[in-house]
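The transmembrane segment annotation in TrEMBL covers 39-61. Annotation source TrEMBL lists coiled coil at 144-178. The feature domain 'M23ase beta-sheet core' is assigned by TrEMBL to 209-303.
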Amino acid sequence: MEKFQHVNSTKKQKYTFMIIPNSTEKVIEFTIPTWVPKFLITGILISLTVAVISSSTLITTKYQLKAATDRVLVLESENQQQANEINHLTLRSIEIEEQLLGLNQLKDHVLDMVGLDSPLMASSLEENPLFMVSRSYQRSPSLIEDYEEAMVYLEILIEKQKENMSQLMEDVEKQLDYLDALPNLVPAIGRITSPFGYRISPISRRREFHRGIDVANKSNTDIVAAGSGVVTFSGYNGAYGRMIILSHGNGYTSVYAHNRENLVEVGQQVHKGDAIAKMGSTGRSTGPHVHFEVRLHGDPVDPQELLED
């Protein structure tokens, strides 16, 4: 019974608040149960805790969002930079490919001009490393691991092209030297009065083999070297009269006979088109002309098959 009364007494405990304005006014008095302040304090503490947790969560979320946004901006910047590099490399590779194609066309043109065969510098365009690089970029940039790898392809190809062009220039120089020495220039202005081969001799009136061609004109007309070479003979030789023999290399020699005057000496280096003699009618001859022979390894060949138009 006493226990019950104690509990009941505890439940009925209250706080009394009195407001005394002044001595003339009525005192205001009110009471509240003891649990009310405890409830309010507990509520305030809970609210503060929730506010702190919410604020902390908001700050953390805001920081994470900013970090994620910054990362996205960095990635976008990196992607844009990579895209720019890829675009630059693609354009550069296309530009170099066009230049190399132009070089190949120039090469073929030069080879055609000098009469050389035209082997491909690379096995084919489809096997050209530069071609494959540019094609890869056109399909997907991911097919090329990085910018440096693509540049290595370009450097290798350009270096190979330089080597090929260097070799081409050597071949062209050799071919130009060969063409310069080839006795294919008409040795004098005039008309061909007797071709190469069998003919009726204007002197013996018998059929005989004519080892060269005769080019007739006025006496003292210039006779020029049909090709660059070295004078191996300059003198008088029986039926040939005054005669000059030039050695052109590659097995070729040329003969200029019946000259009125020889202008060069043995051992002298002459260039294609240089005047080497004056037209005459010395030796076994019926009038002023140059008897012109071309020999290959000592055997006579038809000069007209070599002469330029």
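Cβ atoms are placed via backbone N, Cα and C, with glycine included.
TrEMBL labels come from automatic prediction, so no person has curated them.
The average pLDDT computed for the coiled coil (144-178) is 75. In the domain 'M23ase beta-sheet core' (209-303), helix, strand and coil residues by DSSP number 4 helix, 55 strand, 36 coil.
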